[in-house]
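Student: Straight out of TrEMBL:
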- 33-117: domain 'Apple' (DOMAIN)
- 122-159: domain 'EGF-like' (DOMAIN)
- C149-C158: disulfide bond (DISULFID)
- 563-768: domain 'Pentraxin (PTX)' (DOMAIN)
Amino acid sequence: MRMCKGVWSLLCMSWIIVVFLSELGDPVFGGECRSDGLFKGVLDNARLKNYAISSQDVHALQDCVVACMNDAQCSSYNFQVSGVLLHKCELNFKSRSAARPGSLVREDGFQYYEAIDSLETKNLTCETADCLNGGTCKETCGMSFTCECPASFTGTFCESPKTGNFLLNYHGSTMNHHTSVSVTGEDFQYLAVYVWVKPSSSDGVVFSYATDSNPREMALLFNETNVVLHLGGQVVTFDSSLSENEWTHLCFILSDKTKLSFFINSLQLQKTTVLSHEVTIKGTGTLVPAFDQTSPGVVNISSGSHLYLTRLYIKDTSSLDEFEILRVVNEPKFAMLNSEPFRVDWKKFYHTKSNSNSPLIAPSDEPDIANYDLQFFKNATVEVDISYERPIETFVLAMWIRVDSAIQSADIFALESESSNIVLGVIQDDGNKGYKFQADGDVERSFANVITDTRWFHMLWYWRSSTGNLLFYKNGNQMSEITDVLKTQSLPPIINGALKIGDEDFDGDITSLNLWSFEISLNRIVTLALNPGNAAGDLFSWKSVEEAGYVVSAPSKCHNRPGEFDLIFPEADPSIKNMISMTSSLTTTFKTITAAFWIKIPSSSNEFTLISYAVPSQVNEFSVHFGTTGMWTYLHGNRSFVSLVLSSLVGKWQHFVIAYSSSAGNLYVFHNGERILKSTVSTYSITATDAFLVVGAQQSGYKKISEPRFQFVGELSQLQIYRRLFAAGMIRTLANRCWSTPGNFFEWVEIRKNVQGNVKTRNPSECIKVKNGETY
């Protein structure tokens, strides 16, 4: 027992005095050198895990000091500085240097202290510090250190990933290493769980969540024929199996304590299940992938499963829109679904790989399913057999495509069977290139002038027998609607049919072609148009092309699309027009308008006009102006104001959406995905004829920009202007990423072509790099 006697009593008293003095200052790590009395290497926001002798609540830091000095086994301690009346004090029987690598982790609100042994007086410097994951150690004053971390890691020792780009690979009961995450908080009244899994056997455990009262408080298992969910003492079995050695996305949602929805690869497996009684999931427990537990944190080794697992998240939410589930399937990196934090974040499962038996695989871009193109100078025709025996009441065909400029006429897609024949092709009429849609040879409709260049774009065809309407979407925007196309005839069953892509005349590239047999919402259409990805149709899935043995080009070049740049507006100069100006190419009026953009400003003292849209009869037909206290929106000369604290916008990328609908006369403003204004204004149509757009300055009159006023100073990215509205959920999606579908009124790529003055282009985009959808 280390008692405070003799010399020790003097040292104890000195230490306590030092502690009191040190508590008067701010906690420091990495900037100043610091060593407190008999303890060294004081690290803020750090905690040594798995070596605690005891844990107790204390009133002050000196109580923890005395507790450690009075315990002969104590080599270090963790002190919780974030407590209010009481603070957690954890005594450790090892120091950081003697513990297993990775045991000292970043944890906000804790400080780590290490005892100075009489036989060991080395400071915690780069000689003893381990910077993890490629971090570089830098000494400060010869007594402390900092770790300079690579871009994808953070933390005291670069121990915490910024992204979820890693896998856990489990290979059964031979594993002597498992990963667990402690869950704390209030009981779950509702929740959403989603995860990617790739099993290498026909049965296993995806994860188990154990509490003190139930080792299977929540568990997800699978066997040859079913997926089985344990939820608060109830067991629900779903009639579906997981394909071996293939990635599958699983999602289940508990709402109202009794309603359970289950999705596989973003498709709802069956109608919402009503549980036999209300379920409340305990909020404190331990989550372990690939193993059953006998008690919290204690695994049943024999239950070890053979599988890969990634991106396991749990959220306190009662519902997720289907398009949000589709988004995390299509683009796994975009995990954040709304502004609320995760109860369980996948990044918490990251650990330093200490031995060859660790399940960690990092970094990893998986699941990256069917990330390839078909290039039709290599494949004259691709043909894949499909089998589907139900009558088709709905037909959705989506793909990303790039069409060569030399094409005159060609077939892109054909779905053929003994009783049905659907053809989608390219046509050219009077120099305007477009599409034709043909069904059973006697119904043909065309959509002209929709192929305007050789760039990649997303197209989607949507037909419903209930309405007889054939809809065509380009980049998520509806281009045309033709009624009564197939209303008098239902497409016959497609049995033992064949899907053909391309013909000998088609020259171009295609990726992410999928075919669905169910109705699709506009939000899902926009989600598919954001980027190619892992979405899979139930009639035909894009991954079937490679499985059929066809030559593909990987990775897909479709991700490298124009528009990935920022514009930088310099300090205002009255003699220089630092702005953008362009004329509308449309000669019509429309009832809705939406402007979406990202900006970053260097100061809150500058008043500026970002968008000045004028027509001959009205200079403020549609304008967006930022003052020092908020934002003004002008519609047909009428203005609306919403207050903003501009100082909070300085130095960080901010997302704004301004939307107007004349049907109800409503004006909406969204900031970073949250609605901050809904205002009722006069109803009128937006005029496009002879319209003149200025970005970064205000017009004093129609096309009067000889002396531009209120010039914008800062950075701008992804300004898109649409003749449509977006649902609130989709606006949240757009606010989580610095990328959007091209505007169908003014497009960001075209806006750059009209830059004036000293406005500079930055490529690649900083905004896209910073706001790339990851949850950090």
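Every residue gets a Cβ built from N, Cα and C, even glycine.
Heads up, TrEMBL stuff is auto-annotated, nobody curated it.
Show me how these features fit into the shown structure, please.
Tutor: Counting every protein chain shown, the number of other Cβ atoms lying within 10 Å of the Cβ of C158 (disulfide bond) is 23.
Summarising model confidence by region, the domain 'Pentraxin (PTX)' (563-768) averages a pLDDT of 92.
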Student: Could you tally the C-beta atoms, other than its own, that fall within 10 angstroms of the C-beta of C149 (disulfide bond)?
Tutor: 21
Student: Quick one: DSSP breakdown of the domain 'Apple' (33-117) into helix, strand and coil?
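Tutor: Across the domain 'Apple' (33-117), DSSP assigns the residues as follows: 12 helix, 42 strand, 31 coil.
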